[in-house]
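**Q** Sharing the record's features from TrEMBL:
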- 9-30: transmembrane segment (TRANSMEM)
- 36-61: transmembrane segment (TRANSMEM)
- 374-398: transmembrane segment (TRANSMEM)
- 418-441: transmembrane segment (TRANSMEM)
- 462-480: transmembrane segment (TRANSMEM)
- 492-516: transmembrane segment (TRANSMEM)
- 522-619: domain 'PilZ' (DOMAIN)
Amino acid sequence: MRSKQNQKFLFLITFLFMTIYLLWRLFFTLPFQEGLFALIMGVLLLASEMSAAFGTFELFWRKNKESEIEKPLPLEEDFPHVDVFIATHNESADLLFNTINASTFMDYPDKSKVHIYVCDDGNRKEIAELAKSLNVNYLGLSENKDAKSGNLNHALSMSHSPLVVTFDSDMIPRHNFLMESVPYFLIPDYQKNNEGVWERISSEKRNDSEKVGFVQTPQSFYNPDLFQFNLFAETTIPNEQDFFTKEINVMRNSSNSATYTGSNTVLSRRALEEIGGFPTDTITEDFQTGILIQSKGYRTIATTEVVANGLAPTSIKNLISQRVRWARGVIQSVRNTRIPFNKELSISSRISYLVSHSYWWSFARRLIFTISPILFALFNVRIAVCGFWDLLLFWGPSHLFYSLSMRSLSSATRNQRWSQIIDTILAPFMILPVLLESIGLKQMKFKVTNKDSEEDTVFQQILFSLPHLFLLFLSIAALLKFTMGKYGSELFYGSIIIFWLVYNVINLLYAIFFLLGRKLYRKSERIAANEIVVLSIQGKSIKGRTLNLSEGGLLLELNQAEYIPNDYAVPLKIENARYCAEFEGTIQYVKESSESWLYGIQISSINEENKRQYSQLIYDRMHSLPVKLDVWMTAFDDMMNNLSKRIEKQRPDMRKLPRVTLNKLVEFEDGTQGTIKDFNYEYARISGLKDHENFKILTLRLDDNFFQINFEPVLEQKINKNKGRLYQIQNYKELSESPLFMKELKHWINEQKLSTQ
């Protein structure tokens, strides 16, 4: 309680100092005497500061309001029928398979009440066949003129359940999706009794003012987004969308202005019917649908529990296309619904939506904040008329308390630094579309974001980075010119300009690293998964654990180095409390870990039923990507990490047999002594032999002659004095099947480990 009071006091002080600063800027610093260009830039800079403050004040205001809504626990018979719409346009059958398949595994008290529809406005035969094979309904649509809205409206006309779920083609629901979302719709029918237990109330006491229009669960992604991937930050920063979907959207429950984001959502059919279905006069039908439902008096709820995961864009081109569509669509929808004057919405809701609208101007603000110090330092253009001490007096406290407040507001998912880096990256691509849409030059054609994995070309990466390279050049030139010949007090008086130039250079370096991209080596995403796996190898069962799973294969961990022939299709069985999959796979690589051995396996054969189970083993789990920022990672750490990762050469693991380091001194059958340096069942390297001994076949008898190892020299291999000669083991198959040999090998390995400790 005390910390909340302290935070409120901090916000109040920040609001006071920021208001004083902005009033000072408005009345005393505009460059009326510096020419028209300077005045225009001065006004734009002030407008940018005011706009940024507006969004910040809304965040201050929402932060301490109660926003999470408790989910009731209804009786099983009260769960209504649900229609699940999986919308697809041109996505591949492989991508759709996982989403449709997962939908059939969703828990529900009476699964006959769950009706799944694949809504395909491409009307494709292969998708119809996929739907049939998974025993779900198919709704094909030809000549759809209203994009996603037309597709969903067609599905509405062909179905009847009181609740409607919308999934994008790549969004894979977890088994608990319906159980975590549907109960909210029964809020009007339930209340807690004095003992804190949810109980059904009579129809006379039903509270219709609490009727729920939609429940929005978070947008989550199982692959690293481009900000994580291109900046080598998969282990240090969360997905860029987490801040909005898990925090901002949930905060807006308090003003009933939660945003419908198009997927992972349950909607009331009655609410949709009252607004005339999904709107067709915007390219973000989801955003406008949410506003219209709220305008009809429905309560809307955003939740924090991740119950579905999708595929984030994998190319900069697709990312920019997606964000441009979002920006234009939000501006269209705010205009269509007359947000500032819409009396069907509360003032608090209207403020939230105006902040959503103003967010898309943050990219223009970021560009203005970047070029403002350049104009002064490089071109001597004064866009704010003030002295150093004036700036320190008014801007200093405002910036200090603003930074403290933002640090207080900064959650585990986002801080001020990362917000500004993201804005810097996207700014050059967003400004013109936002401006054009704002003056009425609409984009009405719905551009579908490519859901399949895709990479940018080198030419595209260079082209995308040109604006940032130009701004970086200007910033460095401005920094050099401004500091050249200055010493002592001169540098001190110019410190604020120097600070912002250096700050912007860092942001621009991040942007260039991002836009230069990163090579994508994997065909399918690997998802961390710790599951028991049983391998059947030549009549014996070996138990291990998976480290990660992908659609094409898996990485598993075994306690000891097992011999698995290269051409052997290994039968595997993975099982947990919900799913069980059996299939065959081949070894792609083997490498030693600290206390175990890692085997990379590619799936070579799997039937349809096991494919369905295996898909669930992969995707019916929380992804392993970060959900919190690594607060110890500084900008310098990030830069050094990026440089080292880009310089470092990727060396794929090539070994398909486990190479065990032994350094075991042995005496062969003929009295020859040597050291077995390493061993991989089929080959061994032996050193310490005399020259004439390097060319003969060696036999090693072990365990009182119960078994022997026969070594034949590989004559075409040159002898390395340090590593010795390579020998082929003639009876490796017999050894790999011998429990006595495996016991002896384990003993040798332990001896080697003890000798190196």
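Any Cβ shown, glycine's included, is placed from N, Cα and C.
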**Q** For the transmembrane segment (9-30), find every same-chain residue at least 6 residues outside the stretch whose CB is under 8 Å from a CB in it, and list them.
**A** 39, 42-43, 46, 49-50, 53, 56-57, 60, 63, 384-386, 394-395, 397-398, 401-402, 404-405, 408
**Q** Report, as numbers and ranges, every residue of the chain located at least six residues beyond the transmembrane segment (462-480) whose Cβ falls under 8 Å of a Cβ in that stretch; write 'none' if there are none.
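**A** Same-chain residues near the transmembrane segment (462-480) but 6 or more away: 316, 320, 370-371, 373-374, 377-378, 424-425, 428-429, 456, 498, 501-502, 504-505, 508-509, 511-512, 515-516.
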**Q** Mind checking which residues of the chain, 6+ beyond the ends of the transmembrane segment (374-398), have their Cβ under 8 Å from one of its Cβ atoms?
**A** 14, 17-18, 20-21, 24-25, 28-31, 33-34, 37-38, 41-42, 45, 471, 474-475, 477-479, 481-482, 493, 496-497, 501
**Q** Six or more residues out from either end of the transmembrane segment (492-516), which same-chain residues have a Cβ under 8 Å from its Cβ atoms?
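**A** Same-chain contacts beyond the flanks: 226-227, 230-231, 316, 369-370, 372-374, 376-377, 388, 391-392, 395, 420-421, 424-425, 461-462, 464-465, 468-469, 471-472, 475-476, 478-479, 482-483, 486, 635, 638-639, 642, 646.
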**Q** Could you give me three numbers for the domain 'PilZ' (522-619), the DSSP helix, strand and coil residue counts?
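**A** When I sort the residues of the domain 'PilZ' (522-619) into the three classes, I find 12 helix, 52 strand, 34 coil.
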